[in-house]
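> According to TrEMBL:
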type	residues	note
COMPBIAS	A:523-541	compositional bias 'Polar residues'
DOMAIN	A:40-139	domain 'BTB'
REGION	A:523-557	region 'Disordered'
SIGNAL	A:1-16	signal peptide
TRANSMEM	A:180-201	transmembrane segment
TRANSMEM	A:221-241	transmembrane segment
TRANSMEM	A:253-275	transmembrane segment
TRANSMEM	A:320-341	transmembrane segment
TRANSMEM	A:353-369	transmembrane segment
TRANSMEM	A:381-402	transmembrane segment
Amino acid sequence: MAAGVAAWLPFARAAAIGWMPVANLPMPVAPAGKNKRQDEMIILNVSGRRFETWRNTLDRYPDTLLGSSEKEFFYNEETKEYFFDRDPDVFRSVLNFYRTGKLHYPRYECISSYDEELAFFGIISEIIGDCCYEEYKDRKRENAERLMDDQEDNKDAKPPNMTCRETMWRAFENPHTSTMALVFYYVTGFFIAVSVITNVVETVPCGTSPNQKEVPCGERYTVAFFCMDTACVMIFTVEYLMRLFAAPSRYRFMRSVMSIIDVVAILPYYIGLVMTDNEDVSGAFVTLRVFRVFRIFKFSRHSQGLRILGYTLKSCASELGFLLFSLTMAIIIFATVMFYAEKGSSSSKFTSIPASFWYTIVTMTTLGYGDMVPKTIAGKIFGSICSLSGVLVIALPVPVIVSNFSRIYHQNQRADKRRAQKMQKARLARIRISKQGTSNAFLHSKRNGLFSEAPEFTQLPYKMNLSEQSSTEEDQRLNKSTSLLESQHHHLLHCLEKTTNHEFVDQQYYQQSYLEAGLQNYPSRSPSLSSRDGVSGTCCTRRSKKQHAPLQNASGPAHMQPLTQVHAHPRGLQELSTIHIQPLSTSRSSLNMRVDEPASLNCQSSQITTAIISIPTPPVTTSDGDAHLRAGPAHQNVVKVSAL
Amino acid sequence: MGALMVIFSIQPKERRKTTGRLNDSVEDELELSTVRHRPEGLEQLEARTRFSRKELQILYRGFKNECPSGIVNEETFKDIYAQFFPQGESSTYAHFLFNAFDTDHNGSLSFEDFVMGLSILLRGTIQEKLNWAFNLYDINKDGYITKEEMLDIMKAIYDMMGKCTYPILKEDTPRQHVEVFFQKMDKNKDGVVTIDEFIDCCQNDENIMRSMHLFENVL
């Protein structure tokens with residue numbers, strides 16, 4: 001339950017009087033309050049700075065250090081205050097969280113010291129308010145990256161027992177790990193450079209042949225160039241095969257961009273080898289040589305900047321697309337206009353609209369080759385408008401791309417953004433789960449809660465025996481788990497159950513009973529849940545019906561087997577492992593939606609167990625003489641213990 | 001071209017005027033919400049309610065903590081109430097409750113309303129409590145509880161249970177409950193329950209009498 005709302009609990013309980021005339025069943029007993037302690041001031045001494053607050057304020061969050069009994073460890077008897085040897089500045093935020101219900105992150109604070117304080121006081125960082133959460137997450141991410149970078153630099157230790165394959169892969173991916181890897185890295189880099197230079201020099205004209213024609217070096221020194229090419233391709237092939245061998249997932253490796261570049265870089269050579277004798281396709285063979293230039297992309301394994309550029313282009317795909325689209329639009333418009341403007345003039349180069357495209361592009365990008373020039377006045381006017389607008393259209397998306405590049409360069413990874421999105425969802429999920437704690441807590445304490453009330457009202461002798469027999473650990477556990485506020489809240493919910501004569505159950509149980517109701521008209525199951533309460537002094541028929549429940553249960557776990565496990569406990573308690581509960585704030589119209597629910601009933605596969613709930617077997621009445629549980633008599637107390 | 005410029009320059013001014021009006025109303029709203037409502041003094045409240053000074057102090061601190069402006073409007077009220085019933089849909093019942101507390105019907109709950117209501121509920125006589133309950137059920141405050149009004153209230157209460165209940169909530173469960181209620185309360189079978197019938201009947205019912213005392217130790 002949230003902070004300030006605790007103050008309204010008395011109001012909500014008082015308003016419950018509105019249910020009373022409507023209810024048909026008697027209400028459960030209210031938990032006794034330790035009233036006198038409520039209005040107490042607590043002094044918290046944090047490294048000398050004294051903070052004072054009400055005890056209530058701290059009790060709002062019972063699962064933190066200050067809200068639970070854990071703070072008793074820090075109690076100083078002489079000075080009658082709680083002393084914490086922590087940072088008083090950060091403690092301000094922590095205490096304000098109790099007061100206002102919102103946790104703020106002060107900007108001047110170091111992120112790791114803040115995290116430590118939160119961890120010390122038992123507060124999860126997900127509940128930082130929205131006003132400060134972005135800042136907090138950014139700082140945290142930065143810090144984590146910095147730490148990770150440091151770690152990577154220090155990552156010298158090689159984990160032992162790596163197979164040859166893993167070693168090789170590691171060497172390929174991270175050349176700094178061993179000398180061999182570094183050597184390999186530089187050798188491949190060298191050969192890439194050699195190959196590219198060879199391709200370039202091949203086309204330079206050097207010397208003349210006897211028939212006075214300039215020949216490129218490639219044709220003059222064919223053998224030399226062929227040997228160079230062969231050597232490079234052999235190295236690349238060997239490298240590719242080795243990477244393929246070392247890759248942990250070969251299929252994934254083959255699909256990766258780098259491997260495709262590798263393949264494209266060496267294929268032309270092999271195709272050339274195969275096709276060398278066939279003169280007809282030599283033209284195609286020559287074209288294939290173009291692909292050899294792709295070898296230069298192999299450098300991207302060696303250069304971080306190239307990779308970032310690639311990422312940028314990928315991430316700016318939408319801006320690039322917009323740029324292209326707007327350019328295309330402008331080109332078509334202006335080309336059309338120029339064509340019709342220049343149609344009149346003679347010997348015009350603007351022979352068709354596609355022919356005008358060239359002029360428009362050259363003008364818009366302010367190149368202005370001058371091979372196509374408008375001659376009419378209208379053409380010149382539109383030409384100038386074209387060049388002015390070209391500047392605008394191109395200048396607009398470019399800064400976006402530039403800023404994108406700079407952002408990515410600083411962030412360094414596109415994967416970080418994806419991780420952040422997942423974190424956001426995870427954060428919301430965590431907050432939701434912690435809020436679900438309320439409904440979970442109620443259902444949980446429904447099973448156990450009455451135990452804490454009963455001992456105070458015991459009047460019958462056998463009950464006294466029972467309370468002595470009860471294990472102290474269970475009592476302690478229960479006392480610890482429900483603060484006064486919680487027990488009052490649960491009492492309120494319990495009253496509501498009584499008013500409507502229905503019980504709160506968890507999602508899984510509800511789905512079960514839906515199925516059952518579908519199968520048989522009479523929802524007979526429901527084992528132990530309902531059997532515990534609902535026993536009233538006046539409703540005999542109901543009581544007897546409940547008594548039959550355990551018998552059914554004993555015989556009918558067959559249904560339940562796939563979903564729950566029922567163990568017979570020596571003390572007569574049955575334990576069900578439950579799946580976690582979704583808080584449903586659904587209106588009654590959703591009651592009609594039966595169709596979807598049973599679909600998710602594959603509880604067998606879902607392994608989430610949030611609570612092992614101890615469910616007492618149905619209370620046996622005193623007439624049976626079976627002094628099992630205190631739960632039963634608690635209800636009988638409703639009959640006996642009258643006006644308080 | 002000049003005409004175009006003139007037209008463009010005119011339009012923003014008009015928009016500014018309308019946004020100006022909007023701004024005024026927004027400012028009005030802001031003013032309303034920042035109105036600080038100060039409750040009357042501790043002595044007067046002590047005299048008018050049955051709470052002691054200390055209890056009033058505790059109540060006010062909690063109240064002001066949650067609503068620093070000193071008044072609660074219906075939305076906030078519904079939010080607060082919803083926190084207590086995480087599994088169900090409590091806004092309808094919260095709406096009825098709000099109307100029951102808001103005795104002067106000005107759309108907001110001040111601390112006085114709050115404390116007067118609590119005084120009746122926690123420290124009042126049985127008669128007063130039953131009176132309050134009757135007032136809650138009588139939605140249109142005409143002195144009679146009709147079946148429709150009761151059905152609305154009943155549905156609101158069942159809404160708070162939510163979907164996951166055992167036994168499963170059926171469509172006509174509230175209606176049946178209303179029938180039971182009317183059978184018990186409506187002595188002359190005229191289809192409405194008057195305040196006297198209500199009080200008489202409740203006073204004769206042991207369960208109800210007992211449960212009226214249930215929350216006395218709340219503070």
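Glycine is treated like the rest: Cβ placed from N, Cα and C.
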> Three or more CB pairs closer than 8 Å, sequence separation of 6 or more: does that hold for the transmembrane segment (A:320-341) against the transmembrane segment (A:253-275)?
no
> Give me the DSSP three-state residue breakdown of the domain 'BTB' (A:40-139), ordered helix, strand, coil.
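Its residues fall into 47 helix, 20 strand, 33 coil.
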> Tell me if the transmembrane segment (A:353-369) touches the transmembrane segment (A:221-241). I count contact as 3 or more CB pairs below 8 A, with pairs 6 or more residues apart.
no
> Mind checking which residues reach the transmembrane segment (A:180-201)? Cβ under 8 Å, same chain, six or more beyond either end.
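Same-chain contacts beyond the ends: 170-172, 174, 217-218, 225, 228-229, 231-233, 235-236, 239, 289, 292-293, 295-296, 298-299, 302.
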